[in-house]
């Protein structure tokens, strides 16, 4: 098989220059004597096992404890982790990673390609039943689906280790953004010997063996976890933060109080408080763009008959004044959305969809026109529907504002209905709604993580929108080297057919103590690593 | 009394069985399940997950397995939301926390409530009495979810005396606010109850007799009046203590103590069936045990009750 070297530029520069993989501390920085970083987490971690962990906060800890093939830098680009570089075969189906030879586990054993093979096989193993097994399918690793379904043995997974420092991955279809997916926790290596010795208790601090910059030294359920520097980590000399403590604080307001009391260095800002906190703490309150969208989804399968008419869907979308929702209601630095994919997504150029270029007055006029054309509104049939959202103050505010806009501008009657989270998910998943709230956070930094959701086979397509052209374009994008025009076309179709109303793209509002430096504020996935941080004396 | 105790113990087993069966089916009536999520699992992954947790079996088989595991292995099953942990683990870590500050809260309630009640009764209709009654009413109208944030505002933010939450291995400065916030309204209740019953006892014939015998006032209060005057307080404290160590959900969440109240809330939201069922069983056993102990203590104090057992 012939290979062509396809080292991505970021990697090349990363390996050839003396890179700042760890904390990038300026020479004149006055480092604090106590390098302990303490932050608030809302929920207990689902697990510390990289192949089992779910959720954002769990992944944050696992990223510190384990290191995968690549890490991300402050801008979200890949930088070497255990892997130094990779090559891609001509057919884009085989990836060969070269691993560094100085990576070690916390017990001193070398990190080998075999540890990755074991971990990836583990992720799809039916007995472990990883809730993230689907991620391996999403990565298109050969035979992943068949193994998950119990049809093939795990040894058939398309991953192998010809030697200790070479990892070969065989894909079932070309995936141009495959390398962007290997900084995800599910792909981190796992220590076979520790897992076999301790079973499911291998993640306890006393049993755990890990290869990241930190080791788990304490874990009190629902109260705190402590991780301390791993002396075996290959780049430990450049790591500055010695100790990272998470405190479980369920109540957001209490998190802020404890931030004010100096007990935590980082906490989330409760909804609606960003403007006042930004004024009070201009250097500590941040609104960071995030790879998530917020939308209203039309049930086009068994919702109201009117929703089957694209003109009605467009009219309802046009009538929503997004800037009122972002600037007057939420006030947290969110971005008005006219496309499904957030503009911050890597390699995604926001296409100029027609309604995004209009003024709100023009959109309102067009909305009335479209609704009238479809036979609804003041001179036609009365339009009325239910809007379903999960119980939360901010969702309620958005729902009230949007329903008032529809009422005043289009004379549409909307009944608001809220449900507890899991009840809501079940109702929405069973298509027992007219219009429902939706939100999606990208699993990786590429537009397909959003746009795949609106394809016919997607299990997350709650409105059951189906368009053959969209499906075909998304399939083509999987193997295309230039996805920009394809994604632009999909977004244009979505703007014309409006199966969902994009409302806004998220931002994360956090308080971060001014002594903490090195936070990757430009990384839209907010994938941060404690090893890249440092604290300065105040 | 032994017979009585044994009789009560025998009723526990069928009661618990009914409770388990009822709770088991009731929980499953709630829409959604432990693995329902914003990003629904693909069917093949879901099938593996359900199989791992034995949830692919019919409900009655799951129930039978659950009961068998408790009886033969004292195993309350895996937690669905904390995937590296069993329910036994979670309770073993959270319950001592709740029990600790619940205990100190009860100590605070009794140590402050009883003396306050006695002083008010002894200084009946005086400044002390009115102050105590005023304080008691004031404390009682402040539920813990109002008191706790005020305490944090004062002791943490303004004066920097105590940490705003956490547990840190149960150091005393972490226990004070949860214990006081939890106990204040009960302390007021105990003070008022003690005052009332103390007044009643001090006016009863046997105290008059004691005074007529020329006993010193201190002996009358401590040796003769205290025991009967505390009976209503004891009756009141039994259920209150059960509530303190089982129902302190707000305190656990607000002060982030890591106690089991937090597990109860999280279990309900995440449909962690085994966690909820484990906690329901724990709460039932606690309620039963404490009620039995209370009845026995009551019999020990009051001969009239003892003769009826």
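A Cβ is built for glycine as well, from the same backbone N, Cα and C atoms used for every other residue.
All annotation found in TrEMBL is predicted automatically rather than curated by experts.
Quick caveat, the model's predicted, so the values are computed rather than measured.
Cross-referencing B:69-89, B:174-194 with TrEMBL places the feature transmembrane segment at B:174-194.
Annotated by TrEMBL as transmembrane segment, the relevant range among B:101-122, B:211-232 is B:101-122. In summary, the transmembrane segment (B:9-27) lies against the transmembrane segment (B:275-301): three or more C-beta pairs, each 6 or more positions apart in sequence, are under 8 Å.
Within the chain carrying the transmembrane segment (B:101-122), a Cβ under 8 angstroms from the stretch's Cβ atoms is held by residues 128-129, 132-133, 135-136, 175, 178-180, 182-183, 186-196, 198-199, 202, 221, 229-230, 233, 237, 240-241, 244-245, 248, 251, 257, 259, all 6 or more beyond its ends.
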